[in-house]
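What TrEMBL records for this protein:
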type	residues	note
TRANSMEM	6-23	transmembrane segment
TRANSMEM	28-45	transmembrane segment
TRANSMEM	128-146	transmembrane segment
TRANSMEM	172-193	transmembrane segment
TRANSMEM	205-228	transmembrane segment
TRANSMEM	237-254	transmembrane segment
TRANSMEM	266-283	transmembrane segment
TRANSMEM	295-313	transmembrane segment
TRANSMEM	325-344	transmembrane segment
Amino acid sequence: MLIGFGAALFVGSLLGLVSDLIGRKKTCLVFFILHLIVGILKMVAPSPSFWVANLCLSLATSIFSFSFETWAVVEHDKVDSKLGHRQDILNETFWLMTFFESASLIGSQVIGNWMVGGNLEKGIGSPSIAATLLAILGITCMSRHYDGTTKIMTFKDYRMSFSVYILGDRRIWLLACAQACLHFSIAVFWILWAPTLVADGREVFLGLIYPCLLGARMLGSTVFPWLINASLRTEDCLTCAFVVQALLLSIIAYDYEEIGVLVTQFSLYHACIGLILPLLARLRTMYVPNELRGGMISLSLAPANAAILFILMQRGYYRTIENSTMIVFAAVGLFMAAGCMYVLKREAFKGDMKEEPISTFKD
């Protein structure tokens, strides 16, 4: 895990910048190629090197965090510039992406369990075969519809634009901080959710709890269109969701709970994630130019990956902190994210905020 998060920090943080310069489709192709490499490695080697697999999968996860969303927004701009109603269509896209991402994760678990079957030793290669076939399918589909990449700007122009529109805008700094805090808390949760449930030798079926958490995330994403139709401010919704998440993690860190109560708290936490992800995507559309979107997202995750790397060293190697302390750090980060959204709301009233983002740069 240290190798994986180290790769995400030192290499993955720069992939968004590369994506903005070379094109989003090429970066999405790299995502599938990385999964193809891992799948082939697991099929060829009976005991593949874990550091190679973690390295490739961590880079693929970093690409997934920004590439497909950025590509979808750019494609929407090409079509919706003629049809109008751009923001409404994007809102639908954002929550549907979160919904079907969770549904796909549940489906992958079902397929993986079915292919492994009852004999783990004989069936362990089957999920790798399925992942390899899916990666090949993704590469084939993207290659068939690949129409080349038009270079938007040179590196010099990109650097100047990034300095002005991203680094020079306080609102984007606040948004990036909230994204980093959320990413940090999600990573801590997935590291510690199983050890927390099986503490004190409790016997639980993790394979049944995992789809319940993703199902809660799907339900949370369905709340997004209701909030948008209710004309509630995005910053207010995010502030409330971050506070609820922080309170849930605080209770988990300081209070011993039974399995049923823990699963309920975990499910509420993931329902908030399902709501927060499309809300953050909506804010990015409001504040971040499309030409710089990938770089902004990937760089905003760098502090979170650095923090995860630090606590993994302290917990897994030096053993100077406990699991509950890691959860407290995640809760504090979510309270910080709520504070960022509150300040962002005040900044929006001060500046001349526009609903439409800057999609092209003017001289």
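Cβ atoms here come from the backbone N, Cα and C positions, even for glycine.
Among residues of the same chain six or more beyond the transmembrane segment (128-146), those with a C-beta under 8 A of the stretch's C-beta atoms are 25, 28-29, 31-33, 35-36, 38-40, 42-43, 111-112, 115. Outside the transmembrane segment (237-254) by six or more residues, the chain places 178, 181-182, 185, 189, 196, 227, 262, 265, 268-269, 272-273, 275-276, 279-280, 283, 324-325, 327-328, 330-332, 334-335, 337-338, 341-342, 345 with a CB less than 8 A from a CB of the stretch. Same-chain residues lying 6 or more positions outside the transmembrane segment (28-45) and placing a CB less than 8 Å from one of its CB atoms are 52-53, 56-57, 59-60, 63-64, 67-68, 71, 125, 128-129, 131-132, 134-136, 138-139, 142-143, 146.
At the 8 Å Cβ threshold, with sequence separation of at least 6, the transmembrane segment (6-23) comes into contact with the transmembrane segment (295-313) through 3 or more pairs.
Long-range contacts of the transmembrane segment (295-313) within its own chain (CB-CB distance under 8 A, at least 6 residues past either end) are made by residues 1-2, 5-6, 8-9, 12-17, 19-20, 62, 65-66, 69-70, 158, 162, 166, 172, 175-177, 179-181, 183-184, 187-188, 191, 284, 288, 321, 326, 329, 333. Sequence-distant contacts of the transmembrane segment (325-344), counting only residues of its own chain at least 6 positions beyond either end whose CB sits under 8 Å from a CB of the stretch, comprise 171, 174-175, 177-178, 180-182, 184-185, 188-189, 191-192, 196, 235-236, 238-239, 242-243, 245-247, 249-250, 252-254, 283, 307, 311, 315.
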